[in-house]
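Record features (TrEMBL):
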ACT_SITE  LYS61  active site, proton acceptor
ACT_SITE  TYR280  active site, proton acceptor
DOMAIN    259-390  domain 'Alanine racemase C-terminal'
MOD_RES   LYS61  N6-(pyridoxal phosphate)lysine
REGION    396-427  region 'Disordered'
Amino acid sequence: MTMASDPKMIPQSGLLSAEANEAAALAAFGGVLTVDLDAIIANWRKLEKTAVPAECSAVIKADAYGCGAAQVARALHKAGCKTFFVATIEEARKVRAAVPEPTIYVLGGYFQNTGEHYAQINCRPVIGDLNELAEWDVFCRRTGWNGGAAIHIDTGMNRLGLTLAEAQAIIPRINAGDHGITLVMSHLVSAEQLNSPVNAKQLASFRGIASEFSGVPAALANSSGIFLGAPFQFDLVRPGAALYGVNPTPEADNPMQPVVDLKARIVQIRNIERGESVGYGGTWTARRPTKLAIIAVGYADGYFRAASSNDGTRGAEVIVAGKRCPVAGRVSMDLIAIDITDLPPNAARRGHMVTLIGEGITVDELAHHFGTIGYEVLTSLGHRYARVYKGGNVEEPLTLPSSAQAAEQPPSPPPVEQPASPPPLPS
Ligand SMILES: *Cc1c(COP(=O)(O)O)cnc(C)c1O
């Protein structure tokens, strides 16, 4: 684990040893979020192996589902990943600063006057509308830029993408060559449901149209789609959530490794009498003399208020001194009360860390208590944790939000590649 005492990151005090300084720096935070880059790499390798001979890309939109797009891109690129997907040009810019070589697609599509941005950082729009395509063509013709673009075809999501008829209309262009289209893709509606009839329907539609894009690589599968079998894998797969440990096969055991560990600090231990209530609204009442641990994380940190408990309903659990203990009362903005009455005396003390995610508490379990899916748990992870990256062969000092600007830069920023002339046409 790298928690390097970088003097730029951790304020030094002449009064304390280096260790005490680091401990003091960590104590400035209510929680510590650890992202295991080796686990992300292992998950990517597993998906790659499942999809071979298809290429395995990585979807790192929304700051790599809250795990840190720059760190994840660097680690996966080192592991051999050559293609990344993000949602916006701004996300692409950050990823490009971290990894100069790989292909980056922007799922959000093309907007007028954004061509220069695409060219500047050498990334590719995922075009999902004929107007976008026309505007992109104008930009490319005017500037001679030929960095490539993907065509997104809608096969049932009715979100982004050309209709099948619109896609059909551009086949002559594909056949004429010199088309600048580097990928044709669609997106699955219900891939996590093995037996959904929508899967086969989308597969048939996509297979038909993709086969007419001769010579253009095709991509359909997200994380769950990879596990629907080889016919869904085409030339490239686009996993996101599974990389970060979310179960892509909710009807079966999770084949992925957990990636995120979240710990929170106990700021106070208190004892209350039977009949006393806890927290806002007094919705939870002690049924026995009760010992509480108050921890310094709340809904502002992405620990949803939906995980609260009351006299009628159990809420989420956290692990204190190796044992599961329930949330007592409402989750508040910065604090949560935990019922630790069943722990041995003195097992938990002020300053100890408790585990909110990890030690068997999965992102999917929390999602259940939050009334959502693992995706939203991850993308909601707060921004006031101390962030620690381990593994990935990437030296990452402890990242403090106050120095976020500095931390976003790679240790020695590689130059962004700016091709002087457009890259050669894809054949
Ligand atoms: C987000 C996204 C993915 C990744 O989906 P997961 O379910 O997280 O694997 C793939 N393709 C597209 C178009 C997406 O928007």
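These residue numbers are counts, starting from 1, taken along the chain as shown.
Cβ from N, Cα, C; glycine included.
Confidence in the domain 'Alanine racemase C-terminal' (259-390), given as mean pLDDT, stands at 97. TYR280 (active site, proton acceptor) and LYS61 (active site, proton acceptor) have their C-alpha atoms 36 Å apart, to the nearest angstrom. According to DSSP, the secondary structure content of the domain 'Alanine racemase C-terminal' (259-390) in residues is 23 helix, 48 strand, 61 coil. Neighbour list (LYS61 (active site, proton acceptor), Cβ cut-off 8 Å, at least 6 residues apart, same chain): ALA69, PHE85, VAL86, ALA87, THR88, GLU91, LEU107, GLY240.
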